[in-house]
Amino acid sequence: MGTLSAPPCTQRIKWKGLLLTASLLNFWNLPTTAQVTIEAEPTKVSEGKDVLLLVHNLPQNLTGYIWYKGQMRDLYHYITSYVVDGEIIIYGPAYSGRETAYSNASLLIQNVTREDAGSYTLHIIKGDDGTRGVTGRFTFTLHLETPKPSISSSNLNPRETMEAVSLTCDPETPDASYLWWMNGQSLPMTHSLKLSETNRTLFLLGVTKYTAGPYECEIRNPVSASRSDPVTLNLLPKLPKPYITINNLNPRENKDVLNFTCEPKSENYTYIWWLNGQSLPVSPRVKRPIENRILILPSVTRNETGPYQCEIRDRYGGIRSDPVTLNVLYGPDLPRIYPSFTYYRSGEVLYLSCSADSNPPAQYSWTINEKFQLPGQKLFIRHITTKHSGLYVCSVRNSATGKESSKSMTVEVSDWTVP
């Protein structure tokens, strides 16, 4: 390091006591000479070491100076200042206890950390004719020696062409640039290789054998550069997308046996079955041979239409089939007749509607006193008479299931006259 003037043995004033002084000095903001220079000794600084920001060519009639962390000259970034008259050192909010100010405006930073890297601003106050001050502002950027980087990966075992991977160069280093290398060559930019805004993260969209690596990253700043060890992705073979074959897509409820098969067959895979997005639970009604590739349902209900999926897995992951949904045939259930009124007066309107749960929809027909009236769900008589009294039956039939059902009600029509 260069020759230093010993720091004065003076009183040390907290930064709050400088509020008025700082405002006055900033008010005298006139241009000055640009011959002042700042250099770091040593030029390559490692974390945990000391560095001196050595100032050259200080002007005559120096009144004082202020050091700031960064390029913002405010109290928040204020480290320390020195006032020549009285040899007073003042510390600000950005003072960490590791900075030492010297009378020649140099600043010693001990036990340097990564947070210390970055720009520093020296604000010099110079006396002129004794009635006003002249100030100058000089900025210097401190660069630490770059650490040896390492590469972290979101997935070291991606599926070929199927999975995206992000590679990140660690650690995050201020005021440094990042470079990437693949197969020892500068990284080519293609549609499948993208860099983040800072170049610190590399995105690989669909890894192939040509983009599996090895990869290296480099951290570089004006004083040093360091490159990581190579990282190569373990490219896994692409899993074939499975599909389901089934013996009957239109089973009858509680009657037909269903056989699901997950294709393709391979001894290298394990098979998993899914129903409605949930792993199919173990149940006495569900039969699965040892290999689990075949799923047997001795019967199925209307609540088990699916969707069904099968998944093939290896030690690194799996892939699911497209969903398969059953068209379960059921019903007709016992029909319902609305409204349930049974008493009418002559001349009123009779309107009855019949419904029954059924898939496919059931066929409907009505009989009155065992005489066929008409097909359809609804029965309408505009002017009912006593002749319409009797037993009304709604019959339903599902031709797909071969099942029938019916519901009856008694209607009583009374004669009445206006008194």
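For all residues, glycine too, the Cβ spot is worked out from N, Cα and C.
As written in Swiss-Prot, here are the features:
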- CYS169-CYS217: disulfide bond (DISULFID)
- CYS262-CYS310: disulfide bond (DISULFID)
- CYS354-CYS394: disulfide bond (DISULFID)
- 335-410: domain 'Ig-like C2-type 3' (DOMAIN)
- ASN61: N-linked glycosylation site (CARBOHYD)
- ASN104: N-linked glycosylation site (CARBOHYD)
- ASN111: N-linked glycosylation site (CARBOHYD)
- ASN199: N-linked glycosylation site (CARBOHYD)
- ASN259: N-linked glycosylation site (CARBOHYD)
- ASN268: N-linked glycosylation site (CARBOHYD)
- ASN303: N-linked glycosylation site (CARBOHYD)
- 1-34: signal peptide (SIGNAL)
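Shown on the structure are the features that Swiss-Prot records.
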residue: ASN104; record: N-linked glycosylation site; DSSP class: coil
residue: ASN111; record: N-linked glycosylation site; DSSP class: coil
residue: CYS169; record: disulfide bond; DSSP class: strand
residue: ASN199; record: N-linked glycosylation site; DSSP class: coil
residue: CYS217; record: disulfide bond; DSSP class: strand
residue: CYS262; record: disulfide bond; DSSP class: strand
residue: ASN268; record: N-linked glycosylation site; DSSP class: coil
residue: ASN303; record: N-linked glycosylation site; DSSP class: helix
residue: CYS354; record: disulfide bond; DSSP class: strand
residue: CYS394; record: disulfide bond; DSSP class: strand
Lowest local Cβ density among ASN61, ASN104, ASN259, ASN268, which the record lists as glycosylation sites, within 10 Å
ASN268
CYS354 (disulfide bond) versus recorded positions ASN104, ASN199, ASN268, CYS310 - nearest by Cα
CYS310
With an 8 Å cut-off on Cβ-Cβ distance and a minimum sequence separation of at least 6, pull the same-chain contacts of CYS262 (disulfide bond), or say none.
PRO242, TYR243, ILE244, TYR271, TRP273, ARG293, ILE294, LEU295, CYS310, ILE312, SER321
Mind checking how the domain 'Ig-like C2-type 3' (335-410) divides into helix, strand and coil residues in DSSP?
3 helix, 45 strand, 28 coil
ASN61 (N-linked glycosylation site) and ASN104 (N-linked glycosylation site), distance between Cα atoms, whole Å:
12
CB neighbours within 10 A of CYS217 (disulfide bond), counting all protein chains shown, number 26
Out of the recorded positions ASN61, CYS169, ASN199, ASN259, CYS394, give me the one sitting nearest to ASN111 (N-linked glycosylation site) by CA distance.
CYS169
Roughly how many Å lie between the Cα atoms of CYS217 (disulfide bond) and ASN199 (N-linked glycosylation site), rounded to a whole value?
10
Can you figure out which of ASN199, ASN259, ASN268, ASN303, CYS394 (the recorded positions) comes closest in space to ASN61 (N-linked glycosylation site), comparing Cα atoms?
ASN199
Whole-number Å distance between the CA of ASN199 (N-linked glycosylation site) and the CA of CYS169 (disulfide bond)?
9
